[in-house]
Amino acid sequence: MITTRFAPSPTGFLHVGGVRTALFSWLYAKNNNGKFILRIEDTDLERSTQEAVDAILDGMSWLGLKNDGEIYYQTKRFDRYKEVIQELIADGKAYYCSCSKERLEELREYQQANNLKTGYDGKCRDANYIPQQGESYVVRFKNPQDGVVSWDDAVKGRISISNHELDDMIIQRADGSPTYNFCVVVDDIDMAITHIIRGDDHVNNTPKQINIYKALNANVPIFAHVPMILGPDGAKLSKRHGAVNVMQYREDGYLPQAILNYLVRLGWSHGDQEIFSIEEMIKAFNLEHINASPSRFDFEKLKWLNKHYIKESKFDDIQTEVEYHFAKTGLDISNGPDLKELVAVMAEKVDTLVELAEKSSYFYSDDISYDENAVKKHIKASTGEIFVKLLENFEALDAQQWQDPDVLHNIVSTTAEQCQVGMGKVGMPLRVAITGSGQSPDIGITLKLLGKNKVVARLTKALEELCK
């Protein structure tokens with residue numbers, strides 16, 4: 001069975017680059033009716049935090065990238081790593097090393113001074129050293145000294161590294177903890193991982209890991225090293241370009257559907273298609289069409305996609321996110337129009353859900369403030385008479401008539417005729433009075449969504465405060 005994994009280290013937030021790797025791994029597993037494993041690589045005890053673990057799990061959950069089976073934690077597998085280390089020592093494929101930090105530092109300085117390749121010189125490799133109680137030691141892997149490590153990378157093609165370039169790396173530290181390059185191999189073997197899709201910053205780790213697979217007589221997985229994501233300026237994507245923490249995108253009003261759609265096309269192509277449902281992503285995804293060159297993050301394109309999903313999604317699919325952002329503003333959504341109806345009206349005018357909540361606040365809050373420029377531009381000496389006439393005409397409407405935007409629009413038009421002024425001389429002051437600004441959806445729709453009671457109350461207030 002095809003089995004992939006996403007194996008983040010909980011030393012910070014869930015980065016968009018990590019999300020893309022997780023997405024590619026998840027899609028490849030789903031495309032092949034396989035399994036997607038989530039593994040938390042928390043062996044760095046000093047830097048790993050529970051807060052970071054929670055951020056990873058929250059991000060994966062928000063995006064809908066559900067793992068199959070349990071979540072694995074490396075810190076819960078230390079006994080297994082020690083067991084395998086002892087097997088390697090017993091088989092003569094690993095050894096105890098007693099070299100002190102001082103000796104290794106002197107060795108490194110000597111190598112640098114003489115333009116030699118830096119790395120461990122193998123002093124303890126064949127010394128048959130057995131540590132005594134109280135002695136400090138590490139365990140090193142006996143890397144092959146001859147030959148070449150080669151693999152056919154699913155993204156980068158054939159890659160070969162001479163074993164002469166690799167030294168005997170430490171697989172168990174002096175404090176007894178196992179090291180990253182060793183743990184991941186044991187994990188991938190035990191979890192039957194068949195395909196490893198990860199960032200190309202791991203390419204240099206791959207030959208070391210392949211040698212451990214072979215030493216353990218295990219099948220070597222297929223590797224697919226995905227290029228990094230660059231900022232718009234071509235530099236590595238970082239905080240200075242904008243949000244890189246995926247949950248910050250939620251706070252900024254982006255939908256998970258938009259994030260996934262954007263990231264799947266960032267370095268992977270399927271003809272000219274830009275919009276993908278999750279089902280379409282799963283059906284179309286393959287490793288062959290991952291681009292070997294880095295991709296630049298385009299924030300404007302992400303915003304365009306987000307707008308598309310706000311406009312085109314079924315309300316049920318985005319309701320949780322819409323309600324989340326309205327809750328953040330403190331607005332009482334029971335004091336206004338149905339959110340489903342509101343989104344249908346406002347979607348064309350916003351790029352994010354933050355904008356949606358902000359630009360719709362006047363529908364739910366009775367405490368509206370007037371935009372000074374809009375008041376100055378649209379409220380004139382004659383506006384009071386217009387408001388009086390509007391109130392008279394609105395009061396005459398029954399509840400059923402108030403549900404028809406066309407009827408309401410006609411009332412505004414009729415009022416303009418009665419006052420012998422143009423439509424704009426009525427519609428724009430009315431907008432300012434009931435929304436606080438000169439911008440809103442179609443006036444008939446705005447009136448309907450606000451409801452008769454709010455409109456009458458706000459017109460009355462505006463008449464008293466703005467038309468003195």
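Yeah, the Cβs are placed from backbone N, Cα and C, and that goes for glycine too.
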Quick test of your reading of Swiss-Prot: among 8-18, 41-51, 195-205, 327-337, where does it put motif ''HIGH' region'?
8-18
If you look at how Swiss-Prot annotates this chain, which of 101-105, 236-240, 291-295 comes out as motif ''KMSKS' region'?
236-240
Centre the Cβ atoms of CYS97, CYS99, CYS124, ASP126, go out 8 Å, and tell me which other residues of that chain have a Cβ in range of the Zn(2+) site.
TYR95, TYR96, SER98, GLY122, LYS123, ARG125, ALA127, TYR129, ARG140, ASP168
Give me the count of other Cβ atoms within 10 A of the Cβ belonging to LYS239 (ATP binding site).
9
Counting each residue once, how many in the motif ''KMSKS' region' (236-240) are helix, strand and coil under DSSP?
2 helix, 1 strand, 2 coil
Could you say which of the binding-site residues CYS97, CYS99, CYS124 has its Cβ with the most other Cβ atoms inside 10 Å?
CYS97
If you run through the motif ''HIGH' region' (8-18) with DSSP, how many residues end up as helix, strand and coil?
3 helix, 1 strand, 7 coil
Between CYS99 (Zn(2+) binding site) and LYS239 (ATP binding site), what is the CA-CA distance rounded to a whole number of Å?
41
Between CYS97 (Zn(2+) binding site) and LYS239 (ATP binding site), the C-alpha gap once rounded to whole angstrom:
41
